[in-house]
Ligand SMILES: NC(=O)C1=CN([C@@H]2O[C@H](COP(=O)(O)OP(=O)(O)OC[C@H]3O[C@@H](n4cnc5c(N)ncnc54)[C@H](OP(=O)(O)O)[C@@H]3O)[C@@H](O)[C@H]2O)C=CC1
Ligand SMILES: O=C1O[C@H](COP(=O)(O)O)[C@@H](O)[C@H](O)[C@H]1O
């Protein structure tokens with residue numbers, strides 16, 4: 001997390017799934033940007049693995065195309081690319097072929113010999129979840145990751161399908177790796193604006209005294225996407241919004257908003273405080289689920305002037321599918337700080353606008369000093385943390401409207417990331433550098449993952465018992481099903497649809 005003046009030790013990155021979408025779209029652009037920003041060590045190598053028959057040149061060319069398309073800096077400069085590509089090699093291999101791990105070991109040992117030092121080894125599992133067991137077991141068998149201080153494994157989401165499978169996966173990984181060698185990625189934790197939640201809360205004395213049930217009325221966390229399932233219908237059918245987004249990204253954000261102040265910025269300390277929050281989230285009884293959780297699935301509709309198909313018409317999706325593409329929850333945290341404060345979480349695909357934000361709604365003033373006739377309905381203070389694509393933190397307050405009369409109006413103070421001079425790094429840049437430097441603060445520990453599954457288990461189980469649903473129940477290009485409004489209306493709340501203050505009074 002803190003990358004000041006740091007260069008990692010000599011490092012070899014082995015990417016299982018080196019020909020896949022994630023490598024092209026996220027991993028390679030992140031490494032390339034780290035290279036341009038001077039964060040990669042001089043002794044550095046990327047080894048891509050996959051079954052596709054390619055030679056080094058063809059593999060490098062494929063990754064270069066991806067850079068042009070997906071890097072925040074666009075097409076690479078030829079001279080810089082010529083140097084960077086010398087780090088990259090490709091080893092065609094099948095993860096189920098035990099012999100290929102011996103070859104990989106020889107390759108890694110050979111690099112160590114050339115460099116005259118034992119390099120750190122990072123094994124990135126960018127493969128489907130069902131292949132993780134084969135890779136981790138085979139790495140263990142040939143002793144590829146024998147040095148607990150130097151070798152790490154990075155595991156992509158989804159981490160399990162439910163609590164039992166997550167526990168099983170943790171058990172399997174810890175047969176070969178110690179917990180401190182395992183980096184479970186949640187890319188939301190690498191986002192600049194998400195990291196800033198901790199700095200905002202614990203770097204300022206101003207907010208902590210009012211960051212509790214005495215002053216905060218409710219909290220909303222929204223992650224709204226305009227995209228549909230794209231070409232991931234097969235995966236999404238077995239997942240749905242609750243597993244795909246809430247179990248990981250939204251619950252992790254919730255932890256950062258709700259955690260107690262850590263004693264230090266140490267990885268274990270931060271993760272301890274976060275897991276405390278998950279443990280305190282009230283578990284729902286099956287008969288309560290309908291009062292606390294709402295699901296939806298998009299029908300066809302119009303988005304930004306374009307006609308888009310319904311979920312059931314997407315590639316890889318069952319035409320009678322009951323998979324939810326929208327989920328909204330009302331959660332309570334049963335501890336001293338948050339007793340009685342509702343936390344509303346929602347996420348959906350094909351929503352009207354792409355926006356991820358956190359809204360902290362403060363309570364109204366205890367007594368209205370100013371005559372109602374002058375001020376209309378006073379708007380209580382609200383803090384909004386816009387995560388993406390708009391990146392800012394704003395505080396809404398009441399101010400006097402200039403003039404001879406005592407009229408009030410809403411005002412706003414904004415910290416805007418666009419006004420900062422440096423380019424914002426992508427989440428994967430932060431996270432990959434952290435893995436190289438052995439900083440696990442922004443990664444999920446086994447107990448965090450298991451607790452997060454535990455929070456959503458009653459909902460998953462209750463939802464699984466019903467197979468005749470009123471789906472689809474929201475049109476693409478809207479803000480989700482109407483039942484989501486009712487979910488929070490009982491407490492007198494409405495979803496804060498847009499992050500922009502004055503559209504949203
Ligand atoms: N793409 C994304 O934006 C995101 C992906 N993820 C996660 O990342 C992981 C990878 O996703 P993604 O890149 O999209 O998947 P892809 O389907 O695009 O890539 C899968 C990769 O696995 C390789 N592979 C499959 N079977 C074998 C095998 N038997 N032996 C060796 N290699 C094999 C493929 O190589 P080949 O075909 O050459 O054998 C390919 O490189 C998944 O867990 C996914 O959930 C998480 C968040 C976002
Ligand atoms: O993990 C996932 O995240 C993406 C959204 O990520 P973002 O950084 O673009 O906000 C989501 O589309 C995908 O379904 C999910 O698997």
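Any Cβ shown, glycine's included, is placed from N, Cα and C.
All TrEMBL annotations are machine predictions without curation.
According to TrEMBL, the feature active site, proton acceptor maps to 249. Of all Cβ atoms in the shown protein chains, 23 besides its own fall within 10 Å of the Cβ of residue 249 (active site, proton acceptor). In the three-state DSSP scheme, residue 249 (active site, proton acceptor) is classed as helix.
What TrEMBL lists as NADP(+) binding site is 17, 18, 19, 20, 21, 22, 23, 24, 51, 94, 95, 157. Secondary structure at residue 21 (NADP(+) binding site), taken from DSSP and collapsed to helix, strand or coil, is helix.
The substrate binding site annotation in TrEMBL covers 187, 191, 225, 244, 349, 354. Secondary structure at residue 191 (substrate binding site), as computed by DSSP, is coil.
Across the domain 'Glucose-6-phosphate dehydrogenase NAD-binding' (14-196), the prediction's mean pLDDT works out to 96. Taken from TrEMBL, the feature domain 'Glucose-6-phosphate dehydrogenase NAD-binding' applies to 14-196.
According to TrEMBL, the feature domain 'Glucose-6-phosphate dehydrogenase C-terminal' maps to 198-495.
Taking 21, 191, 225 as the candidate binding-site residues, the subset whose CB lies under 6 angstroms from any atom of ligand 1 consists of 21.
Counting only same-chain residues six or more apart in sequence, the Cβ atoms lying under 8 angstroms from the Cβ of residue 23 (NADP(+) binding site) belong to 15, 17, 48, 63, 66, 126. Ranking the binding-site residues 19, 51, 95 by the distance of their Cα atoms from the Cα of residue 244 (substrate binding site) places 19 first. According to DSSP, residue 95 (NADP(+) binding site) sits in a coil region rather than a helix or strand. Across the residues the record lists as binding NADP(+) (17, 18, 19, 20, 21, 22, 23, 24, 51, 94, 95, 157), the two Cα atoms farthest apart are 21 Å from each other. Note on proximity: of the binding-site residues 19, 21, 51, 95, the one nearest residue 354 (substrate binding site) is 21, by Cα distance. Residue 51 (NADP(+) binding site) falls within neither a helix nor a strand when secondary structure is assigned with DSSP, and so counts as coil.
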